[in-house]
Structures are given as structure tokens and as C-alpha cells.
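Below is a structure I'd like to ask you about.
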Amino acid sequence: MMRNEHFKWIFQVFKGLVPDLTSGIVIVVLLSCALFGIHTYFNFTQGVLSVGATVFQHGHLQRLLAYPFYHKTSAQLLVNITALVFLSGSLEKGVGTVRFLFLFLLLSTTTGFFYSFLDLMQEDSSRSDAEGLLPAALACVALTTMHTKMTKGFLCGVSFPTMALPWVLLIITTAVVPHSVLPCNIIAILVGWIYGKGWFSLLNISAEKAGTLEKMMPFRLLRSIRGIKFVPASTEERRKTLLPQINPIPGSYPVQAYAPLSSMNPANMTANIYEGWSNSTAALSGLTPPVIPQGSAHSSGPNHGHGSQQSVGQSCNHSHSDGQGHSHAHL
């Protein structure tokens, strides 16, 4: 029993660390894996789809669209996929799947264009080709930091300004990801900031247009796939998808039970109330209703008053007198 609980705890911790898979991330990962399989099976030349000076020298403009999905080695592919899943998921959850895919291609194409132009200005000996998902992932992080309301970021327990997050990730990924090109990654962060400031707002796709595309193929098919979250472009639908309403099982939360008013007998209402105090309320709260002795007196003869309090769940009040002028009151 203890062993099962231990494995269950480990699974919950692992599930909390791994972000949810969304449709846009899955599509990009599948395209990257498919292109790597084709490249390996047919044994293409290394760097056949990388961006660099050859984009302008030989007119290989198709590389601007293909280079983020192209990877030379399996290690580069796995590390780039990991960086994409952890760094770009927040952008898709903020704008929707359709707009994320559009922004992914827009950011990667712009980054590849500027880097190819920069590589063309350099000498032949210092030129290097760039490829992989990492530049687009860093551009997505930079774009996200421009729209977030958080002023502080945390990474491995270290706090730093949110605007510095892309640069911290740049240092880490450049040292870890194989075949990473530092100038291309820097350009990607700057491109993400430019788009975040709205300088190229005319190129953005609106939520209304994205909502129309969601009703078409293949996005309509993606919505029906279970286990993968398709993030709608509409704010209300996106909120329902990412923050589903919780319907607790009856009895799972402690609640205060109250008796309905219709279940109480009106005939016993007067017996359960004394001087404005309910006997049940007084018993639950530990309070004792005030006792006020009542009696009746006659004009002749000595008067003797006797008061007695009975706590039997209800109060009774009656009086009687005898012929000798003695009055007795019982409470």
C-alpha cells in the first residue's frame, strides 16, 4: 500500500513538472520528426535546409520556411523539442493554437531572413549555418515577456526581472543545445521584442479570423483529438479550455447543513422560542437564554415567589394560586 502511494506521488510530481501538450506544439514536433526521418532515410547533404548566406547567394528562399523543422542530428532534435515544449507553451495558451502556428512561422521566417542577411555581410571563414527550433522558441519567450504582467521571473530558485528571462535562457541554451548559433539566437530575441511592441501589428492575424480558420480542416480535426489540448482563439472559449469548471462530488467538501424551513412544524415554533432566543441556537452556541422570574401577587396576605428553571429541551411557564394568598410561579 505504501509502495503504491509512493509511485502515485512520484507520478503527480512528474505530471506537474511536464507542461500540457497542446495542438500547436504537437504539430511542430511531428513536422520536425518527419523531416528528420526523411533526411536520415535519403541521406541528404548536411545543411541542405539551413539558413545562412546561401539564402541570398543562390536564391534558396524556401529554407526560410523549412529551417526551424530541420535538424542535423538526433541529439539536436531532442534538445530542440524539449526547449520548444517548455518555452513556447505559454504563448500558445495565451493566443490560441491557430495564432500560435502563424506567429511561429512569422517569427522563424523573420529571424532567418535577418540572420541570412547578417551572415552574408561576414567573411567566408566566419560564416555558419543555423537551423532548429531553438531560435523560434526564444523569439516566443521574448514575445511573451512583452505582454506579461509579471515583473519578476524565477528560474531554479533565482529571481530576476522578467525582461531578462530571454537572455538568461539564451546563455543556458547556447551552452547546452548542440549546433546552436549565438548570433541567430540573439536576432530571434530581438525579433520577438519587436513583434511584442506591435511594430508589425499589420502582419498579425486577428482573433476573429483565427476563429473562422478553427472551423476548417485540419484544425477542426485537431479539436476532436483527445489527450491534446486545442486552444481556441476566443478569450472565453480559451478560458473554459484551460480553466475547466470544477464540479466536486457531493460530500467531498465539508458543508454546513441547514434544515429547510418547510420541514419545521409551525405548532412547535412557539415552544422552541423563548424571549426571542431559539432553544436549538442556544444549545449549539453554548449560550443560556436570560431568565426573568415572573410571578403574580395579591393585595392581602404575604406573598412567596418560587422560581425553578427546567432545561429539558423546551421551557414551560404556568402559575397557580391557592386560597391562602400564596402564589407559586414555575419556570
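Cβ coordinates come from backbone N, Cα and C, glycine included.
The transmembrane segment annotation in TrEMBL covers 21-42, 100-118, 153-174, 186-207. Taken from TrEMBL, the feature domain 'Peptidase S54 rhomboid' applies to 59-196. Sequence annotations record features per position, and here TrEMBL assigns region 'Disordered' to 288-331. Feature annotation from TrEMBL assigns compositional bias 'Polar residues' to 296-318.
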If we skip the immediate neighbours and take only residues 6+ beyond the ends of the transmembrane segment (100-118), which ones have a Cβ under 8 Å from one of its Cβ atoms?
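Cβ under 8 Å, 6 or more out: 22, 24, 27-28, 51-56, 63-65, 67-68, 88, 91-92, 130, 135-136, 139-140, 143, 181, 183-184, 187-188, 191-192, 195, 203-205, 210, 231.
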Quick check on the domain 'Peptidase S54 rhomboid' (59-196): DSSP residue counts for helix, strand, coil, in that order please.
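Here the numbers are 101 helix, 9 strand, 28 coil.
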Give residue numbers and ranges for long-range contacts of the transmembrane segment (186-207): same chain, 6 or more residues beyond its ends, CB-CB under 8 A.
96, 98-99, 102-103, 106-107, 110-111, 114-115, 118, 134-136, 138-147, 166-167, 170, 233-235
I'm checking region-level scores; what's the whole-number mean pLDDT for the domain 'Peptidase S54 rhomboid' (59-196)?
88
